[in-house]
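What follows is a short report on a single structure.
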């Protein structure tokens, strides 16, 4: 890339010819040029790397999609998929261009530095409590953000004279989650979600808070298995949300267990709770839109270790399969605007891909994909390309209904009323070798296994109007033994009733 500041404007207007002036400073210019090109190459490489993390197309079209289903590969491959696939919802279309322009502008660093200083001075003048102590005033003066907008904190720091930070639990594009001691709740441990000081993430947090407040209002006793919000506040530009402290996500437990599938009795209990929780949302005219194993957390992820003689390795078995549904940042009420694209790629319903409009049935499709993943240990649709995704659906579930094909605006995926897909290409061979009809994934011919796949098939019905509702799902024969359990025993987080 050319260096726009290679020659200073003052040199152009100096006395003597341009060539003579250049020769007189030739040695110095060479030194400056080599240093500049080296640092620019480093900055350019960092900028390109960061762009690949943000870019949707740079991942969707990569040859890595052709790889076979490697379970460890699947875990890293899906990590940041949601923000890539959402596109404009999370990253402006002109974000990269403005970023490069600013990096090349000579005055950008000084402007950014002055803005940071101004922001810090403004923060130092704020007061969040009339009864603030001298200790909290000293803390307020030291509040700073890192380059990405994360709050800089240390173990032992206090927020709002209430939350004492104990450890970091995780990090995402939105911010970080820390474990805290809540000194107004008798020293109880809570999870505190600290949002980046970036406006689009702060706005998403406000929307999530609105949803969580409605959930608390409708379910004050927290009987419907959605994560409970205790409190929220604005801390120096960072939206903070306090939740009940939970265990690992069902995906992280699966990954830590070498992608060993959950036993069918545990699949049954987790699936039943998931249907119950999401049915509660649907009954209150709310669609989650981002259901996936990462957003389903164990209440307590303690486990027992057993040694598998056949595989010669330790295997984990979670002690309690009680779960909670989390992450309502994308949840949408029926009356609100519906974004064109929702859901993480692997759990995205066909009506979303084909842009036919969506509502609660898209959650049911996601649940079907999740239950399958619990049963086999890997994702059903491992892809990042729309056409390939549709080809996988046809390979596993049969042809897409002609009525959906006629209605969609995405005619580029079809030819003469059928999916435009060549099985003789590398992509075609990949789908043919790694996907098979749904029932061929059965690991046992026992009746309960066939009942499970009957449930999954009903959830993966192409047409939303024909797809199983969650009220109907809870009455499915696969859940018969759980329906016989008293409610107080069914949701007891200290007891595993799935065996």
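Backbone N, Cα and C define each Cβ position, glycine as well.
Note that the structure is a prediction, hence the values are computed from the model and not measured.
Of 76, 142, 320, 494, the one with phosphoserine in Swiss-Prot is 142, while the others lack that note in the record, though it may still apply to them. Checking the candidates 73, 153, 163, 201 against Swiss-Prot, the annotation phosphotyrosine falls on 153. When the residues 55, 98, 444 are compared with Swiss-Prot, the one annotated as phosphoserine is 98. Of 127, 340, the one with phosphothreonine in Swiss-Prot is 127, while the others lack that note in the record, though it may still apply to them. Screening 14, 34, 129 against Swiss-Prot annotations picks out 34 (annotated as phosphoserine). Checking the ranges 101-143, 230-272 against Swiss-Prot, the region 'Disordered' annotation falls on 101-143.
What surrounds the ATP site, by Cβ distance within 8 Å of the Cβ centroid and not counting 169, 170, 171, 172, 173, 174, 175, 176, 177, 193, is the set 194 from the same chain. In the set 142, 153, 177, none of the recorded positions has a C-alpha within 10 Å of the C-alpha of residue 290 (active site, proton acceptor).
Of the recorded positions 171, 290, 290 has the largest number of other Cβ atoms within 10 Å of its own Cβ.
Here the recorded positions are 153, 169, and the one with the most other Cβ atoms within 10 Å of its Cβ is 153. Take the Cα of residue 171 (ATP binding site) and measure to each of the modified residues 142, 153, 344: the nearest one is 153. Summary for the recorded positions 142, 173: the Cβ-based neighbour count within 10 Å is maximal at 173. On the backbone, the CA of residue 153 (phosphotyrosine) and the CA of residue 169 (ATP binding site) stand 13 Å apart. Considering other CB atoms within 10 Å as the measure, the emptiest surroundings among the recorded positions 175, 177, 344 are those of 177.
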